[in-house]
Amino acid sequence: MNTARAVLYSFTNPPFRPLKSLPDISCPKRPREALNFRVRLRTDQRCCIFRVSVRNLGRGETGKVYADVKSERYEILESVPESAKLEEDALDDVVLDRTVPWWEEFPKRWVIVILCFSAFLLCNMDRVNMSIAILPMSAEYNWNPATVGLVQSSFFWGYLLTQIAGGIWADKVGGKTVLGFGVIWWSIATILTPVAAKAGLPFLLVSRAFMGIGEGVAMPAMNNILSKWVPVSERSRSLALVYSGMYLGSVTGLAFSPFLIHQFGWPSVFYSYGSLGTVWFAAWLSKAHSSPLDDPQLRPAEKKLIFANSFSKEPVKTIPWGLILSKAPVWALIVSHFCHNWGTFILLTWMPTYYNQVLKFNLTESGLFCVLPWLTMAFSSNLGGWIADTLVSKGLSVTTVRKIMQSIGFLGPAFFLTQLSHIDSPAMAVLCMACSQGTDAFSQSGLYSNHQDIAPRYSGVLLGLSNTAGVLAGVFGTAATGYILQHGSWDDVFKVSVGLYLVGTVVWNLFSTGEKILD
């Protein structure tokens, strides 16, 4: 009997991928020191134990896995005897004595989701800080309501420009590059906002438009990358978590902005929030990949799950615009997105002013009370995502689930906004705002999940297309609110939003679908 050391596995960068029937004994990272563990293979007739060591060869990202094995002399036959064959499922019973840390077992697709969540957290922190800072800025520069509306809406000028372009770019070069670009771009524009404001109103408008350019690519890029990483059974939950990052970003921005303004002046909110983008960008470069195919450390079991449920391997080369625009569900998305965003963006940008002028809250109180609706949205979006995925897993059609969730997202805000004109108590007004925003968040499991349902390969372009309509609602709605307030009242502002919510409900339920219509 002879004892020898045999090479069991060799890994390089890019890693060698073993045959499907071999056990996954690769290290998630290149080992710096020798690792030792035992592998036990069992069949009905025998049990073999290998003592395995893993060593780095010191030549870049290469290494080998050795096993100490024992051999005896056998007569070599033309065919393999039945007694020597290993059953197909024998390798499924591989036991590794070495314990793997939990963070190495954590699903990589959810690492991508959490990083997108963090990007959207920063996105809304950088966006809503203006809704608080605009109060001392308008006093300092003597702006009237129309000018305030112009400043608030200038963000959407740039935001509008990069929706479709960002979707095309993401579908062709990958979501990692596009989202990384967007975060760095809008972070720099945020930092430059105080300088632009002191230089003059035209410079401030350009600065806010430049910030919109960066944030405009975020949603299409995120939609593209998640369409490749997240299976259908987890779609609503993952998107709800990412979009709840926007709501928590609003919470963070609105909660801390008054404190920063009182302590350090209004420019401090732009300097502090903008600088956080560089921290996120470093993590994004090291951890994110546009596709599971690009990640050398993705575990085979997770890769199999992703590929089996959600992944299209063929890259997008051309966009079939005629086919896309000929589909009624696409237009249902576009119209519904416009109706939804009209009300949402008005609340996002004008809520602190409403609290200050109508409810007579001071600057600090306006920021703190604005937090409650966004907290409600963060909770409701994740609750809605869990409900939607549960309903789909229990056999309810995706179409029915999307219509239910979006109907709640339209009719809930419409109902609560109609109650504001009948309420005299500031506390009840804040509660109505919170309920309005909370039911609005169910849209994340409705229209915001629908792009990946109906056109997974073109999800970035499709979201860019529908969100262009949503941005137009933000541009017109935010500016129109300033005009309405000069010639009317807040009741008139809310009536327009309610009317559009009702239109969106009808269009969505008549023409939307949850089935794939573009391949």
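Glycine too: its Cβ is placed from the backbone N, Cα and C atoms.
Unlike curated records, TrEMBL annotations are generated automatically.
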Transmembrane segment per TrEMBL, picked from 361-385, 386-410, 461-485, is residues 461-485
Across the domain 'Major facilitator superfamily (MFS) profile' (112-516), the model's average pLDDT, rounded to a whole number, is 87
Residues outside the transmembrane segment (203-226) whose C-beta sits under 8 Å from one of its C-beta atoms, at least 6 past its ends, are 112-113, 116, 119-120, 123, 126-127, 130, 150-151, 154-167, 169-171, 174-176, 178-179, 181-190, 192-193, 195-197, 235, 238-239, 242, 288, 290, 451-452, 459-464, 467, 471
Note: vs the transmembrane segment (238-260), the recorded stretch with the largest number of Cβ pairs under 8 Å from 110-130, 150-170, 330-351, 461-485, 492-511 is 110-130
For the transmembrane segment (110-130), the distant same-chain contacts (Cβ-Cβ under 8 Å, at least six residues beyond its ends) come to 151-152, 155, 179, 182-183, 186-187, 190, 193, 208, 211, 215, 218, 222, 225-226, 229-230, 238, 241-250, 252-254, 257, 269-270, 273-274, 276-277, 280, 283-284, 287-289, 348-349
With the greatest number of Cβ pairs under 8 Å to the transmembrane segment (492-511), the stretch among 150-170, 177-197, 330-351, 461-485 is 330-351
